[in-house]
Each structure stands twice: as structure tokens, then as C-alpha cells.
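*Asks:* A single structure is presented below for examination.
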Amino acid sequence: MNKITIIGAGRVGETTAQILAEEELCREIALMDVREGIPEGIALDILQMAPFFEFDCSINGSSDPQILRDSDLVIVTAGLPRKPGMSRSDVLEANVRIIDGVTDQIMQYAPDAMVLIVSNPVDTLTYRVAQRTGWDRNRIFGQAGVLDAARMASFIAQETGFSALDITTMVLGGHGDTMVPVPRFCTINGIPISHFISEERIAAIMERTRQGGAEILALRKNSSAYDAPGAAVAAMVDAIVNNRRRLLSCVALLEGEYGESDIAMGVPCVLGERGMESIIELDLNARERADFDRSASAVRADIERLNSLSLS
Ligand SMILES: NC(=O)C1=CN([C@@H]2O[C@H](COP(=O)(O)OP(=O)(O)OC[C@H]3O[C@@H](n4cnc5c(N)ncnc54)[C@H](O)[C@@H]3O)[C@@H](O)[C@H]2O)C=CC1
Ligand SMILES: O=C([O-])CC(=O)C(=O)O
């Protein structure tokens, strides 16, 4: 991939840019932010890491949306993070206004790009970008489940003492309190986690996963998480850039899959050079299905709130 632009040079945007550079996932990284000077400063700072990490891609920053030109992929991290005590949905109204403006800039300057949404509430904003652009759904997707699955994997690693490298996890649904960790699809080197962890402890890990973002927010106080989120975004970029066709939980626009349409939420997807290439439909059992439906209802409530706002 030649050029990736990150819109929103805040904490998540900066961390993502750093990892993309360190891993040399493209030849050109651009950072865009409304705060003048900040994207330029961050770009310079990261560039000066090059001798240590041995990368030679270019990194530039600007407040001018023209920096979007020729982007193959645009990552959207612009918008307010929630504060302690808030849900991600509480920043919907503020962030949809930001995302609408950003979407228009992408359509104007990078009409052929793929778009990866990170800003919260990520399911509803991914839906909004898909609606506003009208682009094919393979080009518009969001990050949630990769991070939530990594959180769950790290909790399982702590619980069992096994390496996180051997742990595979799956988290579906909306990126909120109703997200759906699916222990039936969680294994340690192919062995179901129920072989190692009691039902009661699995339930506790599922709940800690659902509250994973809030736990960090409560501890960091002035900031929500950004280190693991940046790494999660970079893992998705790596899958696309290297056409790995990885099976990852991504926020995707549903067109009948899982019995849902006119909604975006976390489902297992194939991620490759064409972006969100396909959705894998799993046979959920009754309990998983009920949890998935409950999560869909929560996302739908946000979409309804979005539709009731007077937006241009
Ligand atoms: N999907 C996920 O898993 C995660 C999502 N997030 C979300 O990502 C977003 C960013 O979080 P942070 O980086 O911590 O926030 P931050 O406040 O550090 O950064 C946000 C940046 O967006 C910029 N911005 C605002 N309006 C803009 C516009 N119109 N154009 C360009 N830039 C604009 C701000 O100036 C700021 O630099 C939040 O909505 C947060 O909730 C954060 C972590 C994980
Ligand atoms: O908790 C938040 O608001 C940020 C986020 O989405 C996460 O870290 O999962």
C-alpha cells in the first residue's frame, strides 16, 4: 500500500501512526487534525524514530484536508473520547457532526480510498459513513472486535499462565456494554478454554472484557485507552496491506447476515486487499443468539437517535 492518512492526530491517531511506521505498513503516512501544528509536530517526532526502528517511509502532517489526496486507506480517529462515567453512546451527537465533515472531506479528496472508522460509538459511526458515502460496504468498516478479542485473550493469558500467542478469542456485536464475547470460539492452541477455566471464571472474564474500555478509562482518568487500540488498528491494516485474508471481528454493514440489515456491528469478516471482503455467518446457539440480538438492539437504538438528530 502506498499512502495511509489518519484523520485525528490525538492519542489513538498518534499511536496508530507510530506502529504503522515501525512496521512499515505503507510508504507514506499522513496525519490530519483540526488543531494547527499538532499533526506536523507529531509527524516530525515519529519521523525522528526512524533510525532506531529502521523505517524509511515518509510521514507528514497538516490541517489542510488536501493532505488526503491519493490515500489508499483513511483511518478515522477524529472525535471526542468519553469521560469516566459516560458510555460510548454519550459522545454520539458530538462525534457524528465531526464524522460527517470528515466523510465529506474523504469523498472530495480521497474518493477511491477504503475507510477504517475508530471513533466512537464506532458501530453507529461506521453505519453513518456507509450511508453518507454510499460506497460499497467492503470499503467501509470499523475497528472494535480486534481490540475486544485482544483484551479477552490477555485476561485468559493472565488467568491460565499460558502465552497470549496461543490464545484465540472472538468478540461479536456492538462495541459497548452489550458486546458478545463467545467463549465457545475461544481456544488455547485449539483446546477449548473450558478445559482450563471454570464456568464461573469464564463468566468473569467475559464481563471484564465487556468493561475493558471502562476499566482503563477509570484508571487513566483523563484518557480512554489508546495503546492497544492503535495496535488493533495496525493489525487490521496489516491484514489489508499484506492481503492476508485474516478472519477478524470487524464492524461491518450487514445486508441480511445474522438476520440483520440497515445496521453496522461486529461480525467475523475476511480482511484482505479489498478491505472487508466477506462476512462469515456462524451458527450461534440460543444463548449467543439472544446476546447478539440484544447487542443489535442497543446499536439500533443509537442509529434511531442518530436519525432523529437534525443534521445536514
Ligand atoms: N473503536 C475503538 O475500539 C476505540 C475508539 N476510540 C475512539 O477514538 C476517538 C479518538 O480517541 P482519542 O485519540 O483518545 O481522542 P483525542 O481527543 O486524543 O483525539 C481526537 C482528535 O480528533 C481531532 N479532531 C476533532 N475534530 C476533528 C476534525 N473535524 N478533523 C480532524 N481531526 C479532528 C482532535 O483535535 C483530536 O486531536 C474517540 O471517539 C474514542 O472514543 C478510542 C479507543 C478505541
Ligand atoms: O472505552 C472507550 O471509550 C474507548 C474504547 O472504545 C475502548 O477502549 O474500547
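Glycine residues also receive a Cβ, built from the backbone N, Cα and C atoms like all the rest.
Whatever TrEMBL says is automated annotation, not expert-curated.
Copied straight from TrEMBL:
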- 3-142: domain 'Lactate/malate dehydrogenase N-terminal' (DOMAIN)
- GLY8, ALA9, GLY10, ARG11, VAL12, GLY13, ASP33, ASN95, VAL118, SER119, ASN120: NAD(+) binding site (BINDING)
- ARG82, ARG88, ASN120, ARG151: substrate binding site (BINDING)
- 147-305: domain 'Lactate/malate dehydrogenase C-terminal' (DOMAIN)
- HIS175: active site, proton acceptor (ACT_SITE)
*Asks:* Taking only the Cα atoms, work out how far HIS175 (active site, proton acceptor) lies from ARG88 (substrate binding site), in Å, as a whole number.
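*Replies:* Between the alpha carbons of HIS175 (active site, proton acceptor) and ARG88 (substrate binding site) there are 8 Å.
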*Asks:* Of GLY10, VAL12, ASP33, VAL118, ASN120, which binding-site residues are close to ARG88 (substrate binding site), meaning a Cα within 10 Å of its Cα?
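*Replies:* Of GLY10, VAL12, ASP33, VAL118, ASN120, within range: ASN120.
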*Asks:* Nearest to ARG151 (substrate binding site) in three-dimensional space, by Cα, is which of the binding-site residues GLY8, GLY10, ASP33, VAL118?
*Replies:* VAL118
*Asks:* Note the mean pLDDT of the domain 'Lactate/malate dehydrogenase N-terminal' (3-142), expressed as a whole number.
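*Replies:* Result for the domain 'Lactate/malate dehydrogenase N-terminal' (3-142): average pLDDT 97.
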*Asks:* How far is it from VAL12 (NAD(+) binding site) to ARG82 (substrate binding site), counting Cα to Cα, in Å?
*Replies:* 13
*Asks:* What whole-number Å value do you get for the CA-CA distance of GLY10 (NAD(+) binding site) and ARG82 (substrate binding site)?
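*Replies:* On Cα coordinates alone, these residues lie 14 Å apart.
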*Asks:* Drop a 10 Å sphere on every Cβ of the recorded positions ARG82, ARG88, ARG151, HIS175 and tell me which sphere holds the fewest other Cβ atoms.
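*Replies:* Relative to the other recorded positions in ARG82, ARG88, ARG151, HIS175, ARG82 has the fewest Cβ atoms within 10 Å.
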*Asks:* Compile a sequence-ordered list of residues in the same chain as ASP33 (NAD(+) binding site), six or more apart from it, whose Cβ lies below 8 A from its Cβ; state 'none' when nothing qualifies.
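*Replies:* The list for ASP33 (NAD(+) binding site) reads ILE7, GLY8, ALA9, GLY10, GLY13, PRO39, GLY61, SER63, ALA78, given in order along the sequence.
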*Asks:* Within a 10 Å radius of its Cβ, which of these binding-site residues (GLY8, GLY10) has the fewest neighbouring Cβ atoms?
*Replies:* GLY10
*Asks:* From GLY8, ASP33, ARG88, which binding-site residues have a C-beta atom under 6 Å away from some atom of ligand 2?
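*Replies:* By the Cβ criterion, which requires under 6 Å to ligand 2, the hits are ARG88.
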*Asks:* Only counting partners 6 or more residues apart, tell me which same-chain residues put their Cβ under 8 Å from the Cβ of ASN120 (NAD(+) binding site).
*Replies:* GLY79, PRO81, ARG82, ARG88, VAL91, ASN95, HIS175
*Asks:* DSSP says what for the domain 'Lactate/malate dehydrogenase N-terminal' (3-142): how many helix, strand, coil residues?
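*Replies:* The counts are 67 helix, 26 strand, 47 coil.
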